[in-house]
Amino acid sequence: MLLCDIGNTYLHFYQEGKVWKELPRRLKAGMEVQEVYYISVNPPSARRLLEVYPHAIDLAPHMVLDTAYKGLGVDRMAACKGIEDGVVVDAGSAITVDVMQNQVHLGGFIMPGIASFSSMLKSISPALEKELNLSVELSALPQNTRDALSYGAIKAIVMMIQNSCKNKRLFFTGGDGKYLARFFENAIHDNSIVFKGMLKTLEEMKEGKR
């Protein structure tokens with residue numbers, strides 16, 4: 001069985017505990033796979049997957065989450081189902097933060113990812129076109145422009161997450177998940193969280209719950 005989480009840039013795959021990613025244009029059929037299931041926030045990339053795996057099944061219509069949130073993306077739903085309790089942070093081009101309690105989604109928010117902060121600052125002034133310093137010290141005020149930009153972007157993200165997690169366990173996934181997790185003592189980095197939610201949905205389908 002092959003699972004695919006189709007994001008804004010990459011197609012993320014999961015098979016027998018292994019996780020990897022591919023760009024749509026580089027996607028090729030691998031070994032013969034009888035079962036392929038996917039979720040997608042990118043229709044063109046989903047069409048590309050279906051060109052390679054025409055029998056792939058979209059799990060979105062079968063995915064259900066106990067929430068009052070209107071319009072919650074299927075990727076966020078899968079991540080929430082993958083943890084059941086705690087705060088899940090999916091740190092990609094955008095960062096989503098969702099709070100779960102006893103399998104109930106209490107709400108969440110979206111903010112720019114680290115790379116997006118850099119792009120926004122560059123659009124303000126050419127003088128702010130600096131590569132962010134991911135090693136910047138957050139406990140001391142910066143003494144140069146590059147560190148000042150880096151401090152402002154990274155500390156804003158970290159503090160937003162801190163204010164939301166309270167005493168809950170934090171789960172990080174996504175491209176910048178491992179980097180952000182190091183700022184939190186109670187953090188777990190797991191790039192299979194979304195796939196765990198997809199697997200749970202498949203279990204519910206087999207049990208006739210969906």
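Backbone N, Cα and C define each Cβ position, glycine as well.
If you look up Swiss-Prot, you'll see Asp75 marked as active site, proton acceptor, on the strength of sequence analysis. Feature annotation from Swiss-Prot assigns ATP binding site to Asp5, Ile6, Gly7, Asn8, Thr9, Tyr10, Leu11, His12, Ser93; the stated evidence is sequence analysis. If you look up Swiss-Prot, you'll see Tyr69, Gly73, Val74, Asp75, Arg76, Thr145 marked as substrate binding site. According to Swiss-Prot, the feature K(+) binding site maps to Asp90, an assignment based on sequence analysis.
Structural mapping of features recorded in Swiss-Prot.
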{"residue": "Asp5", "record": "ATP binding site", "Cβ within 10 Å": "28"}
{"residue": "Gly7", "record": "ATP binding site", "Cβ within 10 Å": "20"}
{"residue": "Thr9", "record": "ATP binding site", "Cβ within 10 Å": "14"}
{"residue": "Tyr69", "record": "substrate binding site", "Cβ within 10 Å": "15"}
{"residue": "Gly73", "record": "substrate binding site", "Cβ within 10 Å": "16"}
{"residue": "Val74", "record": "substrate binding site", "Cβ within 10 Å": "23"}
{"residue": "Asp75", "record": "active site, proton acceptor", "Cβ within 10 Å": "25"}
{"residue": "Asp90", "record": "K(+) binding site", "Cβ within 10 Å": "28"}
{"residue": "Ser93", "record": "ATP binding site", "Cβ within 10 Å": "16"}
{"residue": "Thr145", "record": "substrate binding site", "Cβ within 10 Å": "11"}
Within 8 Å of the Cβ centre of Asp5, Ile6, Gly7, Asn8, Thr9, Tyr10, Leu11, His12, Ser93, which other residues of the chain have their Cβ, at the recorded ATP site? Lys21, Val41, Asn42, Ser45, Gly92
From the recorded positions Tyr69, Val74, Asp75, Arg76, pick the residue whose C-alpha lies nearest to the C-alpha of Leu11 (ATP binding site). Asp75
Inside 10 Å of the Cβ of Leu11 (ATP binding site), count up the other Cβ atoms and send me the figure. 23
Which one is it, among the recorded positions Val74, Asp75, Asp90, that lies nearest to Asp5 (ATP binding site) by Cα separation? Asp75
Please list residues from the chain of Arg76 (substrate binding site) whose Cβ is under 8 angstroms from its Cβ, counting only those at least six apart in sequence. Asp90, Thr96, Asp98, Gly108
Looking only at the binding-site residues Gly7, Thr9, Ser93, Val74 (substrate binding site) has its closest CA neighbour at Gly7
